[in-house]
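K.L.:
According to TrEMBL, the protein carries these features:
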DOMAIN    B:11-423  domain 'TRAP C4-dicarboxylate transport system permease DctM subunit'
TRANSMEM  B:37-55  transmembrane segment
TRANSMEM  B:62-80  transmembrane segment
TRANSMEM  B:100-124  transmembrane segment
TRANSMEM  B:145-168  transmembrane segment
TRANSMEM  B:174-199  transmembrane segment
TRANSMEM  B:220-242  transmembrane segment
TRANSMEM  B:248-267  transmembrane segment
TRANSMEM  B:279-300  transmembrane segment
TRANSMEM  B:320-350  transmembrane segment
TRANSMEM  B:362-387  transmembrane segment
TRANSMEM  B:407-428  transmembrane segment
Ligand code: NA
Ligand code: NA
């Protein structure tokens with residue numbers, strides 16, 4: 001079935017972006033250690049700030065879709081038990097759709113910024129890492145997140161209990 | 001439609017969305033984006049959405065968030081934090097709520113070092129909550145302690161809050177650092193008394209542990225040596241200039257990983273899972289921080305803080321009354337806005353009034369940063385509480401807010417004491 | 001019609017009185033209050049100096065100011081003025097920038113109307129405790145730098161360049177994370193570094209920092225004729241001169257306060273002592289100019 005195949009694809013994409021994000025985190029640990037040790041011996045890692053700031057984009061947004069799938073978004077659950085199951089279901093659908101809209105919007109606006117970055121030739125100060133590349137990466141991670149949310153909204157509307165929904 | 005009206009409606013809507021269980025970050029994004037759209041046009045709204053998102057996601061100072069989460073995750077996966085709590089339990093477990101007291105001191109120290117109460121709530125939250133749970137401490141007490149403990153850090157140097165205040169108001173950073181020390185100790189004492197009081201009234205919150213003999217104490221302490229060594233190296237490294245507080249997060253994480261690998265408590269599988277779960281928590285926390293930065297320009301564009309402040313200042317309550325009113329405004333704004341953003345929005349309006357009334361700006365600085373930290377644990381937008389929630393998913397948010405309440409009251413009392421006795425803040429800087 | 005000026009610095013910063021207020025006054029008077037300019041301070045419209053140009057292009061603000069060095073890849077030729085020895089220290093930077101603007105620099109500011117271009121006071125070395133008389137004194141010291149140009153300058157002098165945010169410099173100097181900072185004297189007061197600096201070295205031509213203020217082309221073209229005329233009376237060299245003079249005055253005041261302070265030694269190097277630094281730095285300037293093809297820009301800046 002079509003939807004099943006989309007779910008399968010989304011799961012792969014979510015897993016893949018989490019792997020990229022995790023590798024980014026370990027890379028940053030290594031960069032900091034090399035920089036600190038090197039600096040105290042008079043040979044710091046050239047451009048460590050550039051590496052850290054740009055990798056951070058990968059870390060933060062690489063984990064975004066997995067965070068969403070694991071129900072990791074923080075909610076104020078004070079009235080959860082007061083609401084009827086039906087209302088809670090409606091809220092879950094609305095939240096998932098709202099999230100999808102937000103992440104598509106983020107992807108779209110950051111895509112536009114990336115084009116400005118190309119126009120202005122923006123890059124990091126020392127290593128000249130092009131800003132646009134990391135903005136494009138952020139867009140892709142955001143779209144994967146939005147896809148996951150959309151699928152959850154569809155599942156909820158079809159009556160399935162969302163896996164791990166908050 | 002006046003901009004102030006739009007601002008007020010926006011904040012009310014935010015409150016409703018939050019109570020309707022819309023994820024906190026989504027609610028802030030939606031209200032901020034639509035509010036900016038109404039006040040300043042769609043182009044400005046889309047522009048801010050992209051620039052704030054990318055700027056925060058590539059902010060080198062926020063790298064401490066994933067790094068400290070990683071450090072906390074690996075420390076608990078390898079059992080290092082377990083051994084630390086075993087040692088603490090053997091030492092002060094016989095005292096009611098003893099572990100909670102130890103945790104509050106740990107959180108304060110951590111926040112003091114990292115300069116960030118958010119980082120403290122994250123790292124300590126990861127480790128301390130599960131450990132206190134193991135010793136049958138009530139989640140209400142343990143989450144309250146972790147959320148509140150981090151707020152100690154802003155009063156103890158180095159403090160980002162004081163640096164920003166000093167730059168905005170042209171005060172001496174050194175004098176502000178000195179001014180924060182006694183109030184910091186006072187607040188710590190207030191927290192410890194709060195724990196003692198809570199555990200006396202309700203012993204089941206933090207039950208007494210068994211008595212231990214010197215040998216058991218020694219063995220427990222020995223087990224905690226690796227993690228204590230890491231703490232000592234990290235603190236020493238910051239104060240000796242080996243690395244910055246930001247880099248300390250990376251060094252700390254690397255050391256925990258290294259010791260885990262050497263002692264073979266950290267397998268590749270466990271390591272990978274800890275790292276992977278770190279980026280999930282990072283995403284959840286960073287998304288809230290990014291979304292908070294959509295609310296800030298919205299509130300700035302609505303001129304809401306400026307108008308409310310002008311109105312109240314114009315009512316002219318005299319020096320003492322005005323001071324109390326200003327702090328009350330900070331308490332209310334703190335319910336919605338992130339602390340540093342609030343400083344930027346309001347200090348330009350308050351500072352001339354404060355100086356004109358002859359209120360000491362150093363004293364005022366101490367009072368203001370303490371009030372801002374209260375905002376981190378006050379509903380509905382209490383960033384520290386959300387962070388504790390992100391690492392303690394099984395505890396209900398309402399329970400965390402309930403657990404935080406006594407500490408919030410302790411902060412309020414401390415604030416009142418600092419208002420009543422200015423020399424508590426001003427004595428040390430006057431020695432300089 | 002309210003124009004929005006994005007100021008990422010504090011409302012007490014020199015930029016407000018020296019630049020925003022005069023522009024606002026000219027617009028207000030020239031249009032009888034029809035067009036006003038409002039300053040959003042402290043990064044209310046988005047934090048930090050790095051993204052200001054983009055924010056103006058995106059319409060978040062109509063006008064904003066930034067530091068060329070924070071996005072150095074966008075301004076390879078404007079940054080020639082920052083190079084050590086690019087311009088004698090007693091010559092104003094704004095005039096040099098506007099000399100080079102029409103032919104050499106204009107293409108670095110697409111889709112905007114450039115309102116002001118100016119430079120800071122000369123860079124100096126602000127050290128934690130070590131007194132620096134010669135390049136040899138810098139050997140192995142950790143120096144906080146703002147961008148690639150000052151990083152290469154410090155490497156050429158044998159120091160180790162360190163990149164940390166400006167707000168962390170105070171603590172960094174206190175703990176010894178860094179041994180010194182290269183920047184203009186205004187940071188002594190702006191970031192309270194006077195409390196943690198022990199020694200200052202001035203005299204050699206360490207270059208300077210440059211700044212820009214831009215307005216989006218759309219906002220400029222959308223102004224009424226009166227508003228545009230009012231803005232044009234100040235736009236360009238005039239407002240740039242006013243801003244730079246206020247900048248230098250703030251810096252002079254900070255440096256003078258440092259001279260009076262007990263805990264700070266100020267070394268004013270002259271003659272051979274200063275020349276030793278200038279000689280060591282010449283290669284940095286030459287290499288940069290060659291790399292960005294900035295020979296014509298350098299000549300225009302120098303008025304050659
Ligand atoms: Na601190
Ligand atoms: Na709050």
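Count begins at 1; order follows the chain as displayed.
Here the Cβ of each residue, glycine as well, is placed from N, Cα and C on the backbone.
Whatever TrEMBL says is automated annotation, not expert-curated.
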K.L.:
Look at every Cβ pair spanning the transmembrane segment (B:362-387) and the transmembrane segment (B:62-80), keep those 6 or more apart in sequence, and say whether at least 3 of them are under 8 Å.
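P.N.:
No, since the transmembrane segment (B:362-387) and the transmembrane segment (B:62-80) share fewer than 3 Cβ pairs closer than 8 Å, they do not count as touching.
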K.L.:
Which stretch, B:37-55, B:62-80, B:145-168, B:320-350, tops the Cβ pairs under 8 Å count with the transmembrane segment (B:407-428)?
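P.N.:
Answer, by Cβ pair count: B:145-168.
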K.L.:
Quick test of the contact rule: Cβ under 8 Å, at least six residues beyond the ends. What residues does that give for the transmembrane segment (B:174-199)?
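P.N.:
For the transmembrane segment (B:174-199), the sequence-distant neighbours (Cβ-Cβ under 8 Å, at least 6 residues beyond its ends) are 96-97, 100-101, 104-105, 108, 112, 141, 145, 148-149, 151-152, 154-159, 162, 165-166, 205-206, 362-363, 365-366, 369-370, 406-407, 409-411, 413-414, 417-418, 424-429, 431-432.
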K.L.:
Which residues of the same chain, at least 6 past either end of the transmembrane segment (B:62-80), have a Cβ under 8 Å from a Cβ in it?
P.N.:
56, 114, 116, 118-119, 122-127, 130, 226-227, 245-246, 249-250, 252-253, 256-257, 259-260, 263, 265-266, 270-271, 273-275, 277-279, 281-282, 285-286, 289
K.L.:
Summarise the model confidence on the domain 'TRAP C4-dicarboxylate transport system permease DctM subunit' (B:11-423) as a single mean pLDDT, whole number.
P.N.:
86
